[in-house]
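Taking it in order: structure first as structure tokens, then the write-up.
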Amino acid sequence: MPNIKLPDGSVRSFDHPVTVAEVAASIGSGLAKAALAGRVDGKAVDLSYCIERDSELAILTDKSAEGVDVIRHSTAHLLAHAVKELFPEAQVTIGPVIENGFYYDFSYKRPFTPEDLEAIEKRMAELVKRELPVEREVWPRDKAVAFFKSIGEHYKAEIIASIPANEDVSLYRQGEFVDLCRGPHVPSTGRLKVFKLTKLAGAYWRGDAKNEMLQRVYGTAWAKKEDLESYLHMLEEAEKRDHRKLGRQLDLFHIQEEAPGMVFWHAKGWTLWQQVEQYLRGTISRHGYQEVRTPQIVDRSLWEKSGHWGMYSDLMFTTQSEKHDYAVKPMNCPCHIQIFNQGLKSYRDLPLRMAEFGSCHRNEPSGSLHGIMRVRNFVQDDAHIFCTDEQVQEEAAAFIALLQKVYADFGFRDIQIKLSTRPEKRVGADEQWDAAEAALAAALKAQGLEYELQPGEGAFYGPKIEFSLKDCLNRVWQCGTLQLDFNLPVRLGAEYVAEDNTKKFPVMLHRAIVGSLERFIGILIEHYAGAMPLWLAPVHAVVMNISEGQADYATEVVNRLREAGFRVEADLRNEKINYKIREHSVHKLPYQLVVGEKEKAAGVVAVRVRGGQDLGQLSLDKLIERWNGELASRSGPV
């Protein structure tokens, strides 16, 4: 009979098969009450799961992220149950857990309204009060297909029909509502008391624009009311900081229907872009990278050799010319190998660091596009390092140090790191994987960095490190990547002459620090709420005259500051100075400079810092000294 090992190392022995719920009860009444699900030998299961042999067990409660995910998954089913009670003709499709919440897609004859959302949430609360048991049932696949067809749930029947015929499927029943799901779920709807439906959207069935547009309902669920309130407050702040809204308000960029997923950068937005790109360009140049430029449109044959045509052709923009098929490049790596292959390379030439701010195009589904965060045309701070196996650790360590410096300069110091190791299906010898994984781990440890290990999550062609930064709202953005590649140099014939005079394939390190510049600038806009530090600000200051008599002096000030290298504008309109100050405050400029008769006579300016701080009168020399200090330290008012 089963001996059950708990996370603290203790073992509980039973003389009969036992459920997860019974094990929890044997430990204590408090745990029995708090238990939501379990994890048996690494597999998440319901409390009703019966353990028949020796196993390792962890009881999941709402104190763990995994337990909260069970709550969210169950709340998605609660949402579907409520929709079916209120709108019986609606068909259910899928309802996964996502970061901080969940969604469920429905097929219905009309779009849901905000009033519908309120009614659905109210019905969900009623279902919670009923404390309906949530029970798992296992059916033969064909029986499940027939059942869902019989009740008019054709999408669900289609999903189940794609499962092999000899497999059983698990269903969950709560009251009259039955849904397909692997589970696990909470034992009763009464455990789902803290939730909120947040928004409505459209989504194509299976993400294909040729299919029906479904109604997507988003929601969030938490263990405690305080957690929900904190999250909703964060959403309010995020709404205020929405880069799309600030992009219009600050005259940075726009996107229009004639070019979906492609950005029209306005003068101020392009100035911001240039500050980011020029900083990155200067930084990588100082660290030994050679910047290159490769074609936008490349013959299909290269993409077939690289393997991208088979994997990415649906996401490629293609064209034809003179009976040849071409693709607008979705990434730079195959083209960089073409440069590497020009001329014989020796081990003495390695490591070779090749960078490109390459413009890439990917035909992302229209429903996934989001401002400048998710686009079809983007530029990456892309680079590839060609090196020997022995050089991997040193190159990885240098890149990690560089990445930390860049993130810190942009104001991000909280970085999360994940190391993904070999998957079951892979290329390359185990010895090469052993060395590569050890090199990446050693590079991280050399920097004193903690990381999360993700066994089996690496690409088939090499292990990788992912770097995510946390913004001022504690949102996590995955930006940086260091991906080892044992495959592409072999496929595209990249070779070098080794020290023993034999030809070998280099290891290729794909690396990016900020990733898509468009997305990173969107992150910056939201992180700073549009109030950029001086070094990034599109306009450093505006000079405003109090009356017409100071117009010439205001112009002199603008010219002097521009000659000193600053981005300064003049506002010489015949408007009251307080009106000008209020208007430019909306534009979030770091500084406002006011000149009246006193300032003109003394050859100074009255300086107001963003946020309203009054620095009084400063000479232009003092102001330039202050600004140069802020630029050098990449600081300034935020």
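Quick reminder: no glycine exception, Cβ is built from N, Cα and C everywhere.
Record note: Swiss-Prot gives H384, H510 as Zn(2+)-binding, and the candidate from C50, C181, C333 in that site is C333. Per DSSP, the secondary structure of the domain 'TGS' (1-61) breaks down as 14 helix, 23 strand, 24 coil. Of all the binding-site residues listed (H384, H510), H510 has the fewest other CB atoms within 10 A of its CB. Within 8 Å of the Cβ centroid of the Zn(2+) site, not counting the listed residues C333, H384, H510, the chain contributes M331, N332, H336, D382, A383, Q483, D485, L488, M508, L509, R511.
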